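What follows is a single structure, written as structure tokens, with notes after it.
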Amino acid sequence: MAESFSFLSRLHFSSRCLSASAVKTPRLCCGNRCLAGPEPGVLLFAVFLLSAPAILLCHDVLPRLSEGIQVKAAAGFALLLAAVFGTLFTTAFSDPGIIPRQPRPEELPSGPSRVKFVVINGVSVPQKWCTTCCLFRPPRTKHCSTCDNCVQRFDHHCPWVSNCIGQRNYRVFFFFVFFAALYALAVVVGAGAAIIAEIHSKDLEISLESLWQTARDCPRLAGLFVYGVCCCIPLANLCCFNFYLILNNLTTNEDVLQLFPERNPYSLGCLTNIFYFFSHRVEPSLLGDARPARSLGNAPFFSEPPAERSKASLFESPTASRQQLERHCVLPLSDPPCVQTPASARGVRSSFSAQV
């Protein structure tokens, strides 16, 4: 464990969430509705990178367009910019799915008992003990070294939004990337149209020579066009990559580490994965007064599942009691219900009964 903790983990949690013991948690504000990230400087730089093209669009691009296009172009740029900033700030200040830290147990797990397993669609998924948060991490949960918190359905830590991307903000992050790619494309199209309009205003034919002359006469337009191209290509690539993750119900962490080389237990087919991603309800935050946390000791940590969620997975653990198995026999939040075949479920249950 690192000796120095991040800014996010230096503040105490509400007494309603955990016990009175001193634990490090994120800084909450606005009635516990917003979360302050550890890298505000990078977020401000991202805001500058998004705002600068808008200023040049208003100053150099729109005046060169025809009167019939100016109003429509200005409205389109304004809507895109509002969508980009709206999704950016929502991603940056929302809880990604942080699991509150638990009181330190008297007896810490050691050896094989530091890992438990949950069977999801016939695939055994490990749950590792987090020595910092004092809990068994649910499936797809990872401890972020930057934020110093366990995040449910951890995707990655994004410094541009100064926050982790996880269970509760991945969907809005995808929309941020999508709108940012459209915004960059609009910058390219707008700057290109302004350059062509500038060439026509000088009664020149479009050629390499006229383009080079216009670039020298209007360096801001040329720079805006190059800037838009340099931003549009990686953003479009990132948008396509995230759509691939949605199709397969994967996280960036799972894809990079190749955690499921044979079969992904969370995937229910491309159409079902897409439908679930865009339609599932975001679970309430476990932070602040929104949802009090509970001490589970050495038991696997799960918040209360929705009533309609299927109880399909079974825990296999030499240290878990039958009561713990029955109590926590649920799927992790924000994953589609995974249905086991009755035969496999009976096999796991009979195996556990024989061990007990």
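The count begins at 1 with the first shown residue.
For all residues, glycine too, the Cβ spot is worked out from N, Cα and C.
Automated prediction, rather than curation, is the source of TrEMBL annotations.
The feature domain 'Palmitoyltransferase DHHC' is assigned by TrEMBL to 127-256. What TrEMBL records for 42-62, 74-93, 172-200, 221-247 is transmembrane segment.
For the transmembrane segment (221-247), the neighbouring stretch richest in Cβ pairs under 8 Å, chosen from 42-62, 74-93, 172-200, is 172-200. Nonlocal intrachain contacts for the transmembrane segment (172-200), taken as residues 6+ away from its ends with a CB within less than 8 angstroms of a stretch CB, comprise 50, 53, 57, 60-62, 64-66, 73, 76-77, 80-81, 83-84, 87-88, 90-91, 94, 155, 158, 161, 165, 206, 210-211, 214-215, 217-218, 221-222, 224-225, 227-229, 231-232, 235-236, 238-239, 242-243, 246.
According to DSSP, the domain 'Palmitoyltransferase DHHC' (127-256) comprises 77 helix, 18 strand, 35 coil. Looking at the domain 'Palmitoyltransferase DHHC' (127-256) alone, the prediction's average pLDDT is 92.
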